[in-house]
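Residues or ranges marked as domain 'HTH tetR-type' by TrEMBL: A:16-76. Under the heading DNA-binding region, TrEMBL lists A:39-58.
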DNA sequence: ACCTGAACACCGTTCAAGT
DNA sequence: ACCTGAACACCGTTCAAGT
């Protein structure tokens, strides 16, 4: 992974500028590079600082990646809240927007649902991520609630989750196994919404 | 990642013994360790050979991981073909067996559907993996076909895929975000099968 | 035929130091 | 207050050599 030579960054005014710059640079690199092509050195080099500068704002590389994940979940939520429509059409539009996000930003989606951890760490839930995940999920819950006015909160949540898990299954598979041919997104969403919403 | 000191392996009789030993050792390490805790050195050390011995049987580390993935898909297929039952009960039993595999072997599932690649490599489909993926999928297709005797091959495939994508969505999410609380597996499968199979 | 050892350019992270 | 440089124990991979 060769990174263009940038001029060394002048000492900065203050605050979280470098932190933001590192997150932005990492997000950009993920558009064109694999997750494990990311290193402290490529990220800092792309930002124009020394490798050790990363540790001024993050405890380690995984924490930087968590911050990047958080940004991606925020972006996804923004895309979904911008979706229009009402009733069942709105549910379908949200489903299509979700699949579109995964398709357009494959690298992001791979990182957002990347299965790391495993025994070593105490599986730190990273409260911020939990919250952002739920926040991104909310528009779908609201849209499903509008379609099922007589359903309880639990029923709405369960139904929304079924929709989301089917969307995630398709999105994640297409990222993990791009060679696996899947039916048209529109058709998939039509059938899914009919099956789950009745 | 500390690995117990093993005696150096004596020169072997012949053939693919070392290859198998490396795949087995890697599979075992994945039961307790994260994917990126795997290295050429931990794998070969666990096998009792020098780091460079890996290159006698694999072009590089990713190819070893592909071989491990292939073994896991074979295992999954074995588990699914061992499932009994007929009709709709068989479909449900297969779904539960699928989720059970992902739950019991989280590390395996994470590797099987790990989204690597991305621009650098030409996204080598790895024909062997494609075939093994389909082979693991076949039992479900057959079970769905038995439930829908009047359906066309395409309809059966599409319906089976919908079932599988919903199962994969749940399985992969539980591996990627274990802190996300999901409804009971039995209830999920009951509702899913009713929704998709009508 | 099968495996090892030394060597290469990397890697994440720490810590003392610079401005 | 903010950032760098040298150093540490690692990493994947190559290649010449050992038995």
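Heads up, the Cβ atoms here are built off N, Cα and C, so glycines get one too.
TrEMBL annotations: computationally assigned, not manually curated.
Taken residue by residue, the DNA-binding region (A:39-58) breaks down under DSSP into 14 helix, 0 strand, 6 coil. Per-residue pLDDT, averaged along the domain 'HTH tetR-type' (A:16-76), amounts to 94 for this model.
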